[in-house]
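Taking it in order: structure first as structure tokens, then the write-up.
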Amino acid sequence: MSFRSLLALSGLVCSGLASVISKRATLDSWLSNEATVARTAILNNIGADGAWVSGADSGIVVASPSTDNPDYFYTWTRDSGIVLKTLVDLFRNGDTDLLSTIEHYISSQAIIQGVSNPSGDLSSGGLGEPKFNVDETAYAGSWGRPQRDGPALRATAMIGFGQWLLDNGYTSAATEIVWPLVRNDLSYVAQYWNQTGYDLWEEVNGSSFFTIAVQHRALVEGSAFATAVGSSCSWCDSQAPQILCYLQSFWTGSYILANFDSSRSGKDTNTLLGSIHTFDPEAGCDDSTFQPCSPRALANHKEVVDSFRSIYTLNDGLSDSEAVAVGRYPEDSYYNGNPWFLCTLAAAEQLYDALYQWDKQGSLEITDVSLDFFKALYSGAATGTYSSSSSTYSSIVSAVKTFADGFVSIVETHAASNGSLSEQFDKSDGDELSARDLTWSYAALLTANNRRNSVVPPSWGETSASSVPGTCAATSASGTYSSVTVTSWPSIVATGGTTTTATTTGSGGVTSTSKTTTTASKTSTTTSSTSCTTPTAVAVTFDLTATTTYGENIYLVGSISQLGDWETSDGIALSADKYTSSNPPWYVTVTLPAGESFEYKFIRVESDDSVEWESDPNREYTVPQACGESTATVTDTWR
């Protein structure tokens, strides 16, 4: 007799169970639709074919279609890098229609890198210029410049695609197109990381946690990418440890200081964003890199989130265990200071990351540093290490997931009825404010949703780059800058039978000009490889035939976190919208890690919250892990 049957025999009744599951099922349904809205909206904001950004050049990511109050009709290097990293991850998980968008973006950045601007030119600081006109010309107006996070984020996005090219046989494109562009950005990071600049909110001129964190990541994965293309990055290797060393100075003992050289408290979603953009699915809960599940990052999460509890009317009356609307920082006065969609989603995403990391390592640790975070969600929390097989672990994980979902539910509540997401929503009435259809808001929705479904990006190498040097040194290093012109991409087969070719002009491949050498012409070889993407996640549809009575609902539970770790309150609701008396199907589609093996069962939840389990034995399934296979269907009958 299985553990599930023992629970059934005990007549398990969970107080409020139906309500908890109903809320989660409603959020599941909204997110499924909103993810489609977000993907479409992002493409609408990318030139030249984006429906909302007429006049933008090919591959240019426009921050928002808004042209007045405020005017965001520009392309920011930071926002573009974050958005493209999101699209690259979707592409690597099987969304192959994004190929041409990614290629066009990289081609556009070859132009942008070479545009002389108020911050300098290619080799004299120009890569730190924060924004450009959508026709790929310099913005000459007054602005907070330089901003040094952009090159790091752009490098990370391009490395992700470059690695896919290498994995799928397109070595020439990775070596001759992507690597020279990445090398420019890595050279900038190594040369300028120890100099001040404006933060991601474009307001504080100093040293910023977010900037330093993403710079460390970029140099670490940049060095590995250099090796993979048969080159090297000595400036990456010498500076990454020193950047990590400096990163430690942002820890105050109770939270992460967002910026040096600022009179504000330093509690800022800058730090939550830094944690999620340096999340590594292979990492442990390392304090040194402020991984999402680390004691430091969790303590900081509580401090930052709590700083917004009393300043927004929307958050009135909510307890410490409930999610709240989150803005940039409590002292914010822009548009009178309001919650932001991307900030509220960042609060959720960090927790989804942490849940993934705990599940992967099979335990969670509570330390003196993180105790207050856990006690707010689970009153019985105490310092110690809790195995995933323990009831305490299950209770804490369930509480954290509910807390994380609460932030996303706030976004659902204040999103427009058609799913559109602006930059902000009003702190009193929740109405959308500021720039409409903010591209970064949509990217934040997609990444939070993926992490919620345990769909994670590839490792960036944190496990070999988390050791802090004994002594910090205020250093820098010079790299190699070269102008790059992308004139064509190879014909790339991104799925088993579909060839997608980017439309370009000219001939040849890449023209690269080094600072210290004469112009050299290289030819990018057109490839007709039949390689395809093996997704890291698969959309699995569970089809169940089950005759039910009015008021009964069917849920799916199982042995993995995506199916609730056997917790009935975390079960996945099945839909009965196709149900007839002669044909009673229930179904749900769940995104699961490719290759994952697990056990599962279906349960009935009655209107009085009582639970009925299927008969033994537990069902078993292994998610497909094959070239081009991104969907699967499991057909069952209630027993």
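Every residue, even glycine, has its Cβ placed from backbone N, Cα and C.
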Check your understanding: Which of these links to C245 by a disulfide bond in Swiss-Prot: C14, C343, C472, C532?
Key -> C472
Revision key, fill the gap. The residue that Swiss-Prot pairs with C236 in a disulfide, chosen from C233, C285, is C233
Revision key, fill the gap. The rounded CA-CA distance in Å from S476 (O-linked glycosylation site) to E202 (active site, proton donor) is 24
Review point. Given the recorded positions N194, E202, C233, C236, S464, which one's Cα is the least distant from that of C245 (disulfide bond)?
Key: N194
Check your understanding: Could you tell me the C-alpha distance between D199 (active site, proton acceptor) and C293 (disulfide bond) in angstrom, no decimals?
Key -> 24
Review point. Taking only the recorded positions C233, C293, S464, S483, which one has a CA atom nearest to the CA atom of C472 (disulfide bond)?
Key: S464
Review point. If you count the C-beta atoms lying within 10 Å of each candidate's C-beta, which of the glycosylation sites S464, S483, S491 ends up with the smallest number?
Key: S464
Practice item. Have a look at the disulfide-bonded residues C233, C236, C285 and say which one has the shortest Cα distance to E202 (active site, proton donor). Key: C236
Practice item. Mind giving me a neighbour count for C245 (disulfide bond)? Other Cβ atoms within 10 Å of its Cβ, every protein chain shown. Key: 18
Point to revise | Cα-Cα distance linking S483 (O-linked glycosylation site) and S491 (O-linked glycosylation site), given in Å to the nearest integer | key: 24
**Study point:** Cβ neighbours within the same chain of N194 (N-linked glycosylation site) - under 8 Å, at least six residues apart
**Key:** Q242, Y246, A474, T475, S476
